[in-house]
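Quick look at what Swiss-Prot lists:
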- 77-90, 289-301: NAD(+) binding site (BINDING)
- Arg97, Arg107, Arg135, Asp226: substrate binding site (BINDING)
- Tyr142: site 'Important for catalysis' (SITE)
- Lys193: site 'Important for catalysis' (SITE)
- Asp226, Asp250, Asp254: Mg(2+) binding site (BINDING)
Amino acid sequence: MAAKKLLILPGDGIGVEVMAQVRRIIDWMGRKRKIEFEITEGLLGGAAYDVHGTPYPAETLEAALAADAVLLGAVGGPKWDDLPFDKKPERGLLGIRKDMGLFANLRPATVLEALADASTLKAEVVSGLDIMILRELTGGLYFGQPRGIDTLPDGTRKGYNTLVYTTPEIQRIGRVAFDLARKRNKKLCSVDKANVLECTVLWREEMIKLQKEEFPDVELTHMYVDNAAMQLVRNPKQFDVMVTENMFGDILSDCAAMLTGSLGMLPSASLGEADAQGKRKALYEPVHGSAPDIAGKDMANPLATIMSFAMCLRYSFDMAAEADLIETAVKNVLKGGLRTADIMQPGKAKVSTTVMGEAVVRELDKLNA
């Protein structure tokens, strides 16, 4: 079996220390499951700017395109707040997503039994929650042209962005969403604002057409984005798979993230088009940011990044058994009462980033025995 090519981009802030714990899991997979990984490490975001004067060096893109999958820690921080817009760390992340053709962002929002009380909502509202939010990643309001800030003849200024989608862009994200729904519970909710925005009228029309022509076995419903935000808080378990536009998905997935109690628990995957062999370019990253306030203090929760690697095994390497093993190990560690600061509960044991990573490795040993 050929070695799996992984590009690791620790990034900024806590990205470095949480990625160190993922390296433990990767090493364990090599030793105990005999999976060979060929690992390259690169720079992205503020760390790249400090070395190269750009948040997105050419060699990082080259390495990403050569890899089977990319693992990212986090980018950004106040250190780089005053940089020009095109030099900010976040431009590196947007750039690599665009150049890798990563159009489908998968954001699971799952409430583990041990953490049902950690949510800000009542346990009975979120217990057993398992939602997959699919966000279109390379079109919509974040990338549409024209965009900019202009100074008008009278001296006032005008800022503008454009919401644009084409039929092929909608169809490709739709197919990923319907396929995910088909593999889960055959329920898909498409979120738009078709009562106001013509672009999302087209979105809704294309989703309906796709369902009729290619996915008649999947139940398709539609919801306006403002109602979807309300329903995620009111009755989140009504949803299974949700699909939506770039900005809507950015907002709704963060809303859904807090149903689980902590951003430190949530992984994500960004996928590109399937090639002739069915393989996709892919980038995996935790939902949380770089958390500069706790960076370097061994306090960060590494579980979202570890679970992102589990998603990598599942979606890029077709290793569902190994992905399940990691997810079960994480569940068991939490059942055992270990908590990082962000998910700390009364009566539980508060541990560091390093100790949490070590605990997951020990649990993997038990499960693999």
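FYI, residue positions are counted from 1 along the chain as it appears here.
A Cβ is built for glycine as well, from the same backbone N, Cα and C atoms used for every other residue.
Counted within 10 Å of its Cβ, the other Cβ atoms near Asp254 (Mg(2+) binding site) come to 15, all protein chains included.
A sphere of 10 angstroms centred on the C-beta of Phe85 (NAD(+) binding site) encloses 7 other C-beta atoms. In this structure, Asp81 (NAD(+) binding site) belongs to neither helix nor strand by DSSP; it is coil. Tyr142 (site 'Important for catalysis'): 17 other CB atoms within 10 A of its CB, across all protein chains. According to its DSSP assignment, Ala295 (NAD(+) binding site) is coil. Within 8 Å of the centroid of the Cβ atoms of Asp226, Asp250, Asp254, where the record puts Mg(2+), the same chain has further Cβ atoms from Val225, Ala229, Met247, Phe248, Gly249, Ile251, Leu252, Ser253, Cys255. Under DSSP, Arg107 (substrate binding site) is assigned to a strand (E or B) in the three-state scheme. For Lys193 (site 'Important for catalysis'), applying a Cβ distance below 8 Å and a minimum sequence separation of six or more within one chain yields Thr200, Tyr224, Val225, Asp226, Phe248. Cα-Cα distance from Asp254 (Mg(2+) binding site) to Arg107 (substrate binding site): 9 Å (rounded to the nearest whole number). Counting other Cβ atoms within 10 Å of each Cβ, the lowest count among the binding-site residues Asp81, Asp250 belongs to Asp81.
The C-beta environment of Ala295 (NAD(+) binding site), restricted to residues of the same chain at least 6 apart in sequence and closer than 8 Å, consists of Asp12, Gly13, Ile14, Val16, Glu17, Gly77.
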